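Undergrad: I have a structure here, written as C-alpha cells, and I will follow up with some questions on it.
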Amino acid sequence: MLVLFTWTKTHWLKLEDLIELRMADIRTYNVVILGIGFLLIFTAFTTCGNIEQTVVKSLNSTNFTGSGYHSLGIIYGVFSFCNVLAPIIVTIIGPQFTMFLSGVLYSGYIAAFIIPSTWSFYFTSVVIGIGAAMLWTAQGHFLVENSDASTINRNTGLFWALLQCSMLFGNLYVYFDWKGKTEITDKDRKIMFTALLVISALGTLSFLALRKVCQQEEILSEEEGQYLLSARLKYKQRATSAVTETKTQFKTILEIFKTKTILLLSFCMAYSGLELSFYSGVYGTCIGATTHFGDVAKGLIGISGIVVGIGEIVGGGLFGLVLKNNRFRRTSVVFLGMVVHFVAFYLIFLSIPDDAPVVFQTSSQHKPYLVPSLSIALLCSFLLGLGDSCFNTQLYSILGRAFAEQSAPAFAIFKFIQKNESHLGQHEIIVMGGVSF
C-alpha cells in the first residue's frame, strides 16, 4: 500500500512537471508568434512612417492637400486619448481578437496610400489611432499573461528584438528601389504600398495562431453553470458584465495613475514618446531633404531606418535578454540611454540643415554648422535606436513586474502618456515649420 502511494505521488509530481513544461512551451510559442505578428505589421507601418512625408511631397495630384506630419500628429493624438477605453475593449473581447481587429485597421491605413485622397488619408489616420491604442494595450496584457517574474525580462527582450527587426526589411527595399531617385512616381508608390499592405495582412493573420493559456478550468466551470441559460439571458448578462467591467477599469486606471511608480515613470514615458515622434517620422525626412547627400538622399531614408532598427535590436538583445532583473542595472541602462540620445541630438543639430524637416522643395536650402556627413547621419540613426531601446525595454519590464495583475490598465497609461507626447512633438514640427493644410 505504501509502495503504491509512493508510486502514485511520484507519478503525479512528474505529471505536474510535464504540464508545467508544456505551459512554459506554449507561453514561449505565444511570445514568438506575438513578436512575428508585430514584426510584419510594423515592417509595413514603420516603413510607411519613415517615407510618408517624402511620398506626400512627391504626389502629382493637385487635389491632395494632406501632410505626413498632420497624419502622424492625428494618429498619436487619437492613440493617446483612446488608451483610456482600450483596456475595457481588451477585457470584453480578449487580447487576441483585439490585436487581430487592430491589425485590420493598420492595413486600412497602408491601403489609403495606394489610391490617395485627402479625406481617406485623414480618416484612416483617426482609425489607426484607435487601432493602435487597442493593439498596444492588448500586447502588453498578452505579454504579461504569458510571463512570470522569472521570464518577463527575457520575454520583453525577445519581443522587442523581433519587433525592431521591422525596421530592417521595408527600409532595405526603400533603399534599393529609391536609390538615385529625386522624385517618387505614382508607379513607385503603388508598388511600394501594395507590398506593405500584403505584409501587414500577413501579420494580422498571424494573431489567429496564438494559443490560450489562462484559467481554462475556471472558464469551463463557468460555462457548465450557464449551460441551461437562454441566449437572451446570456447576452443580458454579458452586457451587464461589460458595464460593470467598464466602471471597474476606469477606477483601476485612476488608482494606478496616482501610484508613486507611475508618477515617477511618467517623465520617462513622456520622453520616450517625444523621441519616438522624431526618429519615426522626422529624422528620415531630414536625411532625404539634405541637399549635400545628392541623388542618394531618398535611398538613405531606408538605410537610416535600417540602422535605427539595428540599434533597437542590439539594445533589446543586450538589455532585455542578457541583463537580469536588478534595480541598479535598470537605472544604469536608462542613464546610458539618456547619454546616447544627448550625443545623437547634438550631432543632428550640428550636421542637419534646420529647414530639412519642413522644406517644401525637394531638398533643403539652408546650411548646417558642420558639413553633412553620411557616417555621422547613420551613427545618429544607430544611437537613436539604441537609446530608444534603453528606455522602452526597462519601462516594459518594470510595468510587467509592478502591475502583473493589472497589466492592461498599466500599459494603457503608459501608451496614453507616450503617445500624447508624440502628438505634441508632431504638433511642434507643424507649428515651427509653418506647415499648412
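Backbone N, Cα and C atoms are what each Cβ position is placed from, and that goes for glycine too.
What TrEMBL records for 28-47, 67-90, 97-115, 121-144, 156-176, 191-210, 261-279, 299-321, 333-352, 372-391 is transmembrane segment.
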Undergrad: When you scan the chain for residues with a C-beta under 8 Å from the transmembrane segment (121-144), skipping those not six or more beyond its ends, what do you find?
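TA: Non-local partners: 30-31, 34, 38, 64, 66, 70-72, 74-80, 82-83, 85-87, 89-90, 95-96, 98-99, 101-106, 108-109, 111-113, 152, 155-156, 159, 210, 396, 399-400, 403-404, 407-408, 410-412, 414-415, 419.
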Undergrad: Out of 28-47, 67-90, 156-176, 333-352, 372-391, which stretch touches the transmembrane segment (299-321) the most, going by CB pairs under 8 Å?
TA: 156-176
Undergrad: Are the transmembrane segment (97-115) and the transmembrane segment (28-47) near each other by the rule of at least 3 C-beta pairs under 8 angstroms (pairs 6 or more apart)?
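TA: Contact between the transmembrane segment (28-47) and the transmembrane segment (97-115): present.
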Undergrad: Between the transmembrane segment (97-115) and the transmembrane segment (191-210), are there at least three Cβ pairs closer than 8 Å, leaving out pairs fewer than 6 positions apart?
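TA: Counting Cβ pairs under 8 Å, at least 3, so yes.
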Undergrad: What residues elsewhere in the chain lie close to the transmembrane segment (333-352), defined as a C-beta under 8 angstroms and at least 6 residues from its ends?
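TA: For the transmembrane segment (333-352), the far contacts come to 268, 275, 283, 286-287, 290, 319, 323, 368-373, 376-377, 379-380, 383-384, 386-391, 393-394.
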